[in-house]
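If you look up TrEMBL, you'll see 12-32, 102-122, 143-165, 185-208 marked as transmembrane segment.
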Amino acid sequence: MAGVGSAVRRLYLSVYNWVVFFGWAQVLYYAILTLLQSGHEGVYDAVERPLQFAQTAAVMEILHGLVGLVRSPISATLPQIGSRLFLTWGILWSFPETHSNVLVTSLVISWSITEIIRYSFFGMKETLGFAPSWLLWLRYSTFMVLYPTGISSEVGLIYLALPYMKASEKYCLRMPNKWNFSYDYMYTSILALAIYIPGSPHMFGYMLSQRKKALSKAKTA
């Protein structure tokens, strides 16, 4: 029974990783095609559906960690996926005024290249039992460029959306109301920006340590 359970686990994770890989490949393809044909202003409209699908599918990774399907620590997975979902739905989908900004293009390209490499790496490991050394190197090296560009784009887009949050009061709850409670979405977003200050260097340091561990293990294998 243990062997059957292991096979089912590998089959499920293989399918999951390759499906999301193709989602991110579609995002990158449409982003570059639109960028070359009509400029950065139309990139978001071109990638919206596949971006929402691929990024929202990452919620499953939290569940994978919780039930023990994968060894990734929830402490590292949750904040990264949470911030991505906040950008995807809480900023880009909620405030169309941000769509034409060039930061959307840098965000989408940074995210999609990162995830194409990551999902193909794990897809090959689950499907074939190994990943080639060049893919291992890409998995643990490209973040040194793509993480700063992605994070900078995230922070910039949240900041750009703040005036539209204030003007529209979207997702805000004003007094008086039956709950006797007030909520301002803009202040939540400002808090999210503040979390990036300690959170980004911490995550970058964590990925550097993971890189050292993974590449050292590959050399001794």
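The backbone N, Cα and C atoms fix where each Cβ goes, glycine too.
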Subject >> Highest-contact recorded stretch vs the transmembrane segment (102-122), from 12-32, 143-165, 185-208, CB pairs under 8 Å >> reply: 12-32
Subject >> Beyond the flanks of the transmembrane segment (185-208) by at least 6 residues, Cβ under 8 Å >> reply: 76, 79-80, 83, 86, 90-91, 140, 143, 147-148, 151, 154-155, 158-159, 161-162, 165-166, 169-172
Original post:
Taking a Cβ cut-off under 8 Å, which residues six or more beyond the ends of the transmembrane segment (143-165) line up next to it in the same chain?
Top reply: 83, 87, 91-92, 94-95, 97-98, 101, 103-104, 106-107, 110-111, 113-114, 171, 185-186, 189-190, 192-193, 196, 200, 203-204, 207, 211
Subject >> Same-chain residues near the transmembrane segment (12-32), Cβ under 8 Å, at least 6 residues beyond its ends >> reply: 43, 46-47, 50-51, 53-54, 57-58, 60, 64, 69-70, 105, 108-109, 111-113, 115-116, 119-120, 122-123, 126-127
